[in-house]
């Protein structure tokens with residue numbers, strides 16, 4: 001029995017309960033976008049207007065696109081990806097004037113408007129800045145699916161000044177950006193929605209990307225790009241802790257674009273930080289407010305780049321054929337890396353100093369570029385936040401990937417016989433993309449996530465475990481770590497009756513044991529008792545807070561912390577410089593209940609400097625803390641070492657994480673603790689002991705009747721539990737040594 005099949009549970013998708021596992025929390029990692037602590041920001045519709053106003057200035061202080069309200073409807077029992085109408089600020093009516101003309105309305109920005117508009121586009125509508133200098137927008141009623149209408153609509157009618165620093169001559173053509181204010185008032189130059197690939201539509205759906213075609217004239221890259229087609233989280237309604245991760249630009253297959261933000265004055269040969277968003281390979285977009293690049297670029301004098309890549313079946317469907325080769329989303333990222341290599345010097349960046357950084361599935365993506373021979377030479381360093389290629393949710397086998405693709409084909413009425421793969425692909429290409437993403441979960445069995453990376457023989461030649469064991473990966477510096485409560489967010493989504501989204505939630509001992517039973521229905525008694533034994537606080541086994549927190553640790557250790565540790569350990573064993581952190585700060589304005597602690601993704605807004613935005617209510621200490629995090633991250637990108645040239649109380653020394661010392665730095669508001677691990681014993685349990693136990697007890701009967709591990713003297717005479725204890729002690733000693 002494989003370990004990934006141990007912990008099973010139920011997942012709530014909208015109103016539908018789907019069987020799911022704890023070790024199969026895998027599914028949740030991929031349904032839900034990564035999450036972080038920010039304050040939700042929603043704009044209300046103004047007189048039904050379809051234009052969303054958004055100021056890239058200190059006054060508005062939001063990200064690359066407005067955080068507009070989105071809604072979805074349930075289709076076939078899953079969350080719909082159809083966005084709702086757009087939103088605008090309450091003052092937009094005084095800034096805009098419009099005149100309707102059949103299909104096109106010309107909307108002109110008033111000369112006295114102190115705003116940069118990055119429009120939200122409602123379903124069936126699109127808005128584009130035609131000329132940044134004139135401040136003119138074009139509102140196009142574009143039919144059922146919001147999409148870019150091609151490059152010509154974004155070309156300027158006037159010749160560009162060759163001396164204009166906002167006009168950059170890329171290898172595909174000239175582009176024009178715009179200068180905006182960072183939250184601190186510093187200026188940055190921004191280019192949004194630079195095409196790096198041809199739209200992957202029609203016959204290009206599911207295939208590896210093709211480089212963008214050249215264009216003539218000047219392309220106005222001043223509008224945030226489309227988000228790739230995906231489902232939208234509606235489980236908690238308009239709760240900002242969840243909706244902050246929903247896409248805030250139109251959903252479209254035409255989504256392969258890059259964003260670049262550079263400090264002003266423009267640097268020469270600056271370090272480049274390329275962000276890869278998370279979302280479980282199922283969702284996500286580079287334009288979220290929490291990823292606002294302006295503070296990081298302006299405060300640390302680095303070039304910040306982000307990219308859109310295909311997710312869900314459109315990005316990771318695999319049939320092993322030229323038409324559906326798999327890993328299209330990873331090849332999107334690879335093509336974007338090549339674009340950065342060939343063009344970033346034109347923006348003031350140094351192509352030899354590119355650092356990839358990402359969180360959750362973004363961190364897994366970064367790690368796969370470290371492993372892939374196709375990507376290793378395209379960047380220098382890597383930062384991995386709460387993600388590792390050895391996570392149980394990171395990859396599936398070729399056989400399983402093919403089975404899931406055929407299940408999807410069957411669900412949408414396409415040929416699904418293994419002998420008719422070409423027919424299946426041809427049919428799937430003709431389906432509406434929203435139909436595909438809305439039917440992916442209906443094709444699955446228990447505890448499975450539909451479309452993730454696969455060992456395809458092209459991007460990946462072997463499993464990450466084999467690459468790490470053999471030393472076949474990029475030898476370089478890495479910075480990596482995890483947060484103290486990695487599991488709570490996912491547990492809240494599938495144990496909704498037990499862990500309600502409110503203050504004061506506790507878990508009794510009986511509820512804890514019941515939760516473990518629900519999460520582990522298919523394992524034998526020894527394995528289940530081992531998990532209960534390991535995650536019980538035996539000094540206070542009936543403590544309701546400890547029992548609640550133990551559930552978080554079970555999920556977080558298995559899916560995140562222990563895999564991050566494993567990756568760091570293997571890198572350190574090869575003599576690479578490794579820096580590890582444990583993130584411990586919970587923001588004052590966190591919308592989630594306090595008992596959720598420091599959840600998966602809570603570090604992201606501090607990495608991007610969101611607390612520096614004066615409109616968001618962060619404390620002065622949190623602003624200073626964000627400056628410290630940005631400095632650590634950017635120092636690493638510049639030099640391979642997060643430490644400043646001279647140590648100080650403000651920047652405590654961050655020790656290397658060596659194979660023997662295993663040191664990490666605790667990143668908290670007022671702490672500078674250096675620890676060892678983290679969570680060495682628990683990771684020995686998952687990585688060393690439990691696999692041995694499962695192998696040793698595989699012939700034992702199924703799940704034993706639920707009970708406390710030590711509730712009677714009979715415990716000491718059970719052979720399976722004697723094996724359990726001996727194996728646990730042996731594995732723990734070996735792991736720590």
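A Cβ is built for glycine as well, from the same backbone N, Cα and C atoms used for every other residue.
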**Request:** Examine the ranges 85-112, 113-140, 141-168 and name the one recorded by Swiss-Prot as region 'Disordered'.
**Result:** 141-168
**Request:** Enter the number of other CB atoms within 10 angstroms of the CB of residue 427 (disulfide bond).
**Result:** 16
**Prompt:** Quick one: Cα separation, residue 427 (disulfide bond) versus residue 670 (N-linked glycosylation site), in Å?
**Reply:** 57
**Prompt:** How many whole Å apart are the CA atoms of residue 683 (disulfide bond) and residue 255 (disulfide bond)?
**Reply:** 39
**Fill in**
The rounded CA-CA distance in Å from residue 486 (active site, charge relay system) to residue 600 (active site, charge relay system) is 4
**Request:** Could you tell me which of these recorded positions, 220, 360, 670, has the greatest number of Cβ atoms within 10 Å of its own Cβ?
**Result:** 360
**Item:** disulfide-bonded residues compared (228, 255, 414, 562, 683) - the one with the fewest other Cβ atoms within 10 Å
**Value:** 414
**Request:** Measuring CA to CA, name the entry from the recorded positions 220, 255, 360, 414 that ends up nearest residue 562 (disulfide bond).
**Result:** 360
**Message:** For residue 220 (N-linked glycosylation site), which of the three DSSP-derived states applies: helix, strand, or coil?
**Reply:** strand
**Item:** Candidate nearest residue 228 (disulfide bond) in space, where candidates are the recorded positions 220, 360, 414, 600, 670 and distance is Cα-Cα
**Value:** 360
